[in-house]
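**Student:** Submitted below is the structure of interest, expressed as structure tokens.
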Amino acid sequence: MAEELILLDFWPSMFGIRVRIALAEKGLKYEYRDEDLSNKSPLLLQMNPVHKKIPVLVHNGKPVCESAIIVEYIDEVWHDKSPLLPSDPYQRSQARFWVDFIDKKLYDTGRRTWSTTGEEQEAAKKEFIEILKVLEEQLGDKPFFGGESLGIVDVSLIGYYCWFYSYETLGNFSIGAECPKIIGWVERCSNKESVSKSLPDSKKVFGFVQELRKKYGLV
């Protein structure tokens with residue numbers, strides 16, 4: 001049966017990026033539809049009526065929502081190539097723990113590095129580095145979070161990299177100086193075509209963030 005795959009997404013979304021990388025890792029062809037989040041398409045509202053958010057993967061007319069769930073779905077359906085989750089149940093539970101950690105901690109903290117000022121911004125920068133240091137400790141001396149190959153934790157985290165320039169520039173701090181192991185890991189991930197081709201340009205993301213700051217009256 002021909003697989004019909006449509007990805008409803010928004011180009012700078014770190015959550016959409018993880019789905020794009022998972023699809024690329026599996027060598028899957030799909031139709032990409034970039035959403036205008038201020039004027040959401042009827043298809044997005046139909047396919048994700050609960051949250052009305054991207055990304056949504058539409059597989060043969062059926063929607064799969066929430067990025068971490070979509071990545072697991074892709075891994076389960078196309079399990080014969082580039083596994084993203086470990087086969088061992090315990091290791092799988094650990095990978096899910098760290099994906100959950102990333103989802104609960106990183107987005108809001110990163111956002112506050114560019115959307116706040118003064119003490120609130122300083123606190124956000126400190127918290128952001130602390131989160132990355134916890135992840136660095138988990139990475140240890142391994143090439144990737146799961147060991148020797150790209151896995152679900154890497155896929156879930158690497159989408160943030162294209163936002164690092166915005167966080168650092170607007171927050172006036174250096175992730176590389178504080179977390180060199182994370183930057184080394186970024187380089188290893190970026191050597192993979194599935195990652196490098198899925199990550200938007202950091203300067204383009206910065207332009208997008210500046211537009212948001214203008215909208216919020218921060219510029």
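Our numbering is plain: 1 for the first residue shown, then up by one each step along the chain.
Glycine residues also receive a Cβ, built from the backbone N, Cα and C atoms like all the rest.
Please treat TrEMBL annotations as automatic predictions, because they have not gone through curation.
TrEMBL lists these features:
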type: DOMAIN; residues: 3-82; note: domain 'GST N-terminal'
type: DOMAIN; residues: 88-218; note: domain 'GST C-terminal'
**Student:** Give me the DSSP three-state residue breakdown of the domain 'GST N-terminal' (3-82), ordered helix, strand, coil.
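**Tutor:** Going by DSSP assignments, the domain 'GST N-terminal' (3-82) contains 29 helix, 17 strand, 34 coil.
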**Student:** For the domain 'GST C-terminal' (88-218), DSSP counts of helix, strand and coil?
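**Tutor:** Taking the domain 'GST C-terminal' (88-218) as a whole: 100 helix, 2 strand, 29 coil.
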**Student:** Looking only at the domain 'GST C-terminal' (88-218), what is the mean pLDDT?
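**Tutor:** On average, pLDDT over the domain 'GST C-terminal' (88-218) sits at 97.
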